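Colleague: The structure is given below, and queries will be raised subsequently.
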Amino acid sequence: MEDEVVRIAKKMDKMVQKKNAAGALDLLKELKNIPMTLELLQSTRIGMSVNALRKQSTDEEVTSLAKSLIKSWKKLLDGPSTDKDPEEKKKEPAISSQNSPEAREESSSSSNVSSRKDETNARDTYVSSFPRAPSTSDSVRLKCREMLAAALRTGDDYVAIGADEEELGSQIEEAIYQEIRNTDMKYKNRVRSRISNLKDAKNPNLRKNVLCGNIPPDLFARMTAEEMASDELKEMRKNLTKEAIREHQMAKTGGTQTDLFTCGKCKKKNCTYTQVQTRSADEPMTTFVVCNECGNRWKFC
């Protein structure tokens, strides 16, 4: 029974990721015929999958059936406790304190992550367990929290990971605010840089690491642009630094003056060149040329 529910949940998650809900109604009908239990709800996180599908779908029949299922499962969550075992009774108060079916499903899946044996070492299904961010009535801070949550939703990774992107966005904003202590330009620039890096299509690993909890909200709030950069950009910066050091060393050691090269900028032939072995020994040396007239630099192999 659990395997069947997990299979359906995975299919729904893929539909949400691809934004293609074809066949969703059939899956919901399958779920309707499965006798659901509180244990199944908590171990499979099917509630989150159905709720994500409901939010994205524009098909009235799909949204209606999804709401109906969530409503029926809600009865399992806050139903009578006479038949529940002690473990389920412990879970009940935390679950039933939520205000909506969606929140109950998210809370149920979040609290259950630490107890699931098969998720002990699975980072891709990690749900952050940091203290909830304090609420705020500041309109600027609320807007920043919304924008951070939206950035975390880029690519729909949060669905597969099972993260609460809204709470995570609030935690990041709270950490930024606690450090800066106001909502001035420094605060706004800090938030803006987090959003830009989270939405960077060339740096999806940063977003995934934040969603998985590998990068905690308070650490992410303090990271520099260099620390948030993609591996590709870090490598590029490393190479540029090496190049700058090499050129600086060349300038100090000098070179050989020649009129064999024509400057592409000023067309003069008053140049100085230096040859350096920048690659393996069996490769041609790299020639660095500096125009003594205008300072233009170029290189060739």
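Cβ coordinates are placed from backbone N, Cα and C, and glycine is handled just like the others.
Worth saying up front: this structure is predicted, and the values here are computed from it rather than measured.
Checked Swiss-Prot, it gives:
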type     : residues               : note
BINDING  : C263, C266, C291, C294 : Zn(2+) binding site
CROSSLNK : K55                    : ubiquitin cross-link
DOMAIN   : 140-256                : domain 'TFIIS central'
MOD_RES  : S57                    : phosphoserine
MOD_RES  : S81                    : phosphoserine
MOD_RES  : S97                    : phosphoserine
MOD_RES  : S100                   : phosphoserine
Colleague: Look at the binding-site residues C263, C266, C294 and tell me which residue has the greatest number of other C-beta atoms within 10 angstroms of its C-beta.
Modeller: C263
Colleague: Rounded to a whole angstrom, what is the C-alpha distance between C294 (Zn(2+) binding site) and the residue listed as 'ubiquitin cross-link'?
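Modeller: Pair distance, Cα basis, whole Å: 62 Å.
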Colleague: Going by DSSP, is C291 (Zn(2+) binding site) sitting in a helix, a strand, or coil?
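Modeller: Strand, per DSSP.
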Colleague: Using C-alpha atoms only, work out the spacing between C291 (Zn(2+) binding site) and K55 (ubiquitin cross-link) and round it to an integer in Å.
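Modeller: Here the two Cα atoms are 63 Å apart.
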Colleague: Please give the average pLDDT for the domain 'TFIIS central' (140-256) in this predicted model.
Modeller: 87
Colleague: Of K55, S57, the recorded positions given in the record, which has the fewest other CB atoms within 10 A of its CB?
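Modeller: Each of the recorded positions K55, S57 was scored; lowest Cβ tally within 10 Å is K55.
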Colleague: Please report the distance from the Cα of the residue listed as 'ubiquitin cross-link' to the Cα of C263 (Zn(2+) binding site), rounded to the nearest angstrom.
Modeller: 62
Colleague: Tell me the residue counts in helix, strand and coil for the domain 'TFIIS central' (140-256), as DSSP assigns them.
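Modeller: Result for the domain 'TFIIS central' (140-256), in helix, strand, coil order: 93 helix, 1 strand, 23 coil.
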Colleague: For the recorded Zn(2+) site, whose residues are C263, C266, C291, C294, find every other residue on that chain with a C-beta no more than 8 angstroms from the centre of their C-beta atoms, and list them by sequence position.
Modeller: G264, K265, K267, K268, N270, C271, N292, E293, G295, N296
Colleague: Could you measure between C266 (Zn(2+) binding site) and S57 (phosphoserine) for me? Cα positions, answer in whole angstrom.
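Modeller: The separation of the Cα atoms works out to 63 Å.
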Colleague: Give the distance between the Cα atoms of C263 (Zn(2+) binding site) and S57 (phosphoserine), rounded to the nearest whole Å.
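Modeller: Given the Cα positions, C263 (Zn(2+) binding site) is 62 Å from S57 (phosphoserine).
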